[in-house]
Amino acid sequence: MPFLPGKMPKPAVCRRPATSFHADLAGGSRYLYWKHNATPSPHPRRPRVFRVQGDTAMDWQGLRFLGESPVDGYVLQNCTYSPSLVALAFLVACLAGYTALDMVERVGNSLSHPRLWQWIGAFCLGSGIWATHFVAMLAFHAPIALRYDLPITGLSLLIAVAASYLTMYMTARPRFGLLPCLLAACCIGLGIAAMHYTGMAAMRSVATQYYQPSLFALSVLIAIGAAFTALAAVPYLRGRRSARYRYMKLIASLLLAGAIAAMHFTGMAALVLSVPAGTPLELQASADSLRLGWLTGVLASAIAACGIWAAWSEKQRERRLSENSRVNALLNQLDHAHASLRQMARYDSLTGLQNRTAFNEVFVQHLENCRLRGKGLAVMFLDLDHFKRINDSLGHDSGDQLLKIVSERIRSVLRDSDVVARFAGDEFCVLADLTQDHEAHILSQRLMQKMKEPIALDGRTLVMTASVGVSLYPNDGEQCEELLKNAGLALHQSKACGRNNAQFFSRQLLVRATQELQMEEELRQALRDDQLELHYQPILALADGEVHQLEALVRWRHPTQGLLGPDRFIGLAEANGMIDQLDDWVLRRACRDLRSLHLAGHERLRVAVNCCASNLGRASLVDEVRHALEQAGLAACFLELEVTEDALMYNIDQTIPLLERLRELGVSLSIDDFGTGYSSLAYLRRLPLDALKVDRSFIMDIPASQRDMEIAQAIIAMAQKLHLKVVAEGVETPQQLAFLRENHCELVQGYLFSRPLPLAALEEFLRAYRFDAAPPLRSLNQA
């Protein structure tokens, strides 16, 4: 068979019967051949193969695809194959298909060099297709000598690699749908066919090759169809690690190998070899072909194995990179979280100012710098006046907005070297370097003046004031803690002086603070050790002169300072959260003492107990009163609770329901120190009250003060119009008593009748009073 273009040799003509079969059994050959003579037949049968002679034949490299049956020659049939090489060829195809799918997966998932993996996959698949063809051709045994043209064989390899690359390129698309899959299947299917028939063109022998058109077309369709089925699994191989992943990949590789093998052997089934007449036919030695086939198969398998190993190594590398990236991402997140936590730990999230933690660190550095340079330093506490009222009335969002505005204003006043921090709520702290002490006074005034500028907030215009406390280094301390403490004492003094002012630390403040701290500790100890006691001041009725009621007044018998009045420790108890415990003790002790007086024969006596503002904010007050009465065995009608105007007005909407519950319990209610606080007559008529107590400040200057007399008269008249009893406090002279009697005041108390007395002295007073008939009242009645 000629391989290069040119004129084909004319087959020899044999003079034999029209048609006959011959078996050449020389050397044990089982090859059959079919002879045609040159005598034309009047009824020619339909040709089974392609015609050799004539210009109508399609001739390329000695291959005939179209034409009539060959004449005057032999057609070789029933050529055999080496089973081991056929199996090896299929194994090579499987490895090539598996490697190609592995590369497809790499191209889709690779983090780097996807084009390189396309070329590696194309070479592995193309060389595998070519090796499958070549090993299968070496497995082909024909009774003629066969050899292969090297350039054309190399061309078939290039065709296989090129088709494989185009297929790899198509499958690398992110969206590999039905149409791209069909195009890729056509590409690889046609590439396999082109490689096969180009490789067949490289085969050289005395025979002429003919192809049956139907089988030829079927081989191409089989290659495309099987490739399409295999490539349809590509989308499922990307990013999938399910239980069926490996099975799907194996099945797809078998389908791709089947496409290669099916195309090859279908193409071989379409092949018909025709030899010239008289050509000797003998079985060729197959040992060399077998060795060459195995060598080729092993090399191709090694190439595929290297591709699989490379893909596996890349997977491991990318897995390590992915793990490292994940770890690095976690570390970055941790760093970011650490930075965020550090930011949150050092800076106020609302205003962006430093918080106490960061301020303390900066304070140490500032103080050390001032110490080295010999300069002064001012520590200022700034607290907004009545900020809680803003939160309660406008809401916390408005309060937060106000704090942002205030922080910006403080920044605008300070220098770049100064430091400002937000400690808590509406409290700010400033560090300012000083050359002279009077600069601190100037700065504090500038801060206070800046705070007074109008603020537009939620459609309102607000004017805020601030209290400032200042301590100076080195005059007021040389340590951070000491300077902060002293500035806090100065701020406390500023609030005590009416707010909206600046106070500088002095040693007297420290002495007072030390005393208050000691008093606080001793008061707690007094509550635990029962060092408190109640004194009772009688309240008399002007109508009959009888003692109708007692006011319970707490006293503290201090171990070193003696008997202390409530003005010495009530404020301390309120400031340190002990007032609730103190009021509860007074209530229980007063109920118990009154019960003992009832048992002593004073059954009509009632007792009045003071109730602080914080107690009116507790819903448990009613239960505490009920428990104290039950524990003492006392009826509720004998108890009266006294509250101040300020306590009532502090939270009037919550106070009114609480007072109504106390009235339902049977407890009487009165307003203590009436006229000294702020109240509204509209609220006064809504309150469930029984009595008003005129403060002693309106009684003490009667009759010298005409204004006080008019105020007292107005209060008494108003109470009578509201059907409330009136109790006048601080009655100390007969003139005051006469004035109250003339204005129809019902009840009086004061030093004119008795000082507050302990229980034992009170019992003596009641016994003596019963028989003495109250000299002041008796003389007044006689007059």
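Even glycines carry a Cβ here, placed using N, Cα and C.
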According to Swiss-Prot, Glu551, Asn610, Glu642 bind Mg(2+) 1; identify which of Asp580, Asp672, Asp673 is listed for that same site.
Asp672
Of Arg512, Arg588, Arg696, Arg707, which one shares the 3',3'-c-di-GMP site with Gln537, Glu551, Arg555, Asn610, Asn615, Asp672, Glu732, Tyr751 in Swiss-Prot?
Arg696
Looking at Mg(2+) 2 binding as recorded in Swiss-Prot, which candidate out of Glu603, Glu624, Glu729, Glu742 goes with Asp672, Asp673?
Glu729
Pull the DSSP breakdown for the domain 'GGDEF' (375-507) and write it out as helix, strand, coil residue counts.
58 helix, 40 strand, 35 coil
How many other Cβ atoms are found within 10 Å of the Cβ atom of Asp672 (Mg(2+) 1 binding site), counting all protein chains shown?
22
Looking at the binding-site residues listed here (Asn615, Asp673, Arg696, Glu729, Tyr751), whose Cα lies nearest to that of Glu551 (Mg(2+) 1 binding site)?
Glu729
Find the shortest Cα-Cα separation between Glu729 (Mg(2+) 2 binding site) and the binding-site residues Gln537, Asn615, Asp672, Arg696, and name the residue that gives it.
Arg696
10 Å Cα neighbourhood of Asp673 (Mg(2+) 2 binding site): matching binding-site residues from Gln537, Asn610, Arg696, Tyr751:
Arg696
Are there at least 3 C-beta pairs under 8 angstroms linking the transmembrane segment (176-196) and the transmembrane segment (255-275), leaving out pairs fewer than 6 apart in sequence?
yes
Separation of alpha carbons, Asn615 (3',3'-c-di-GMP binding site) and Glu642 (Mg(2+) 1 binding site) (Å):
12
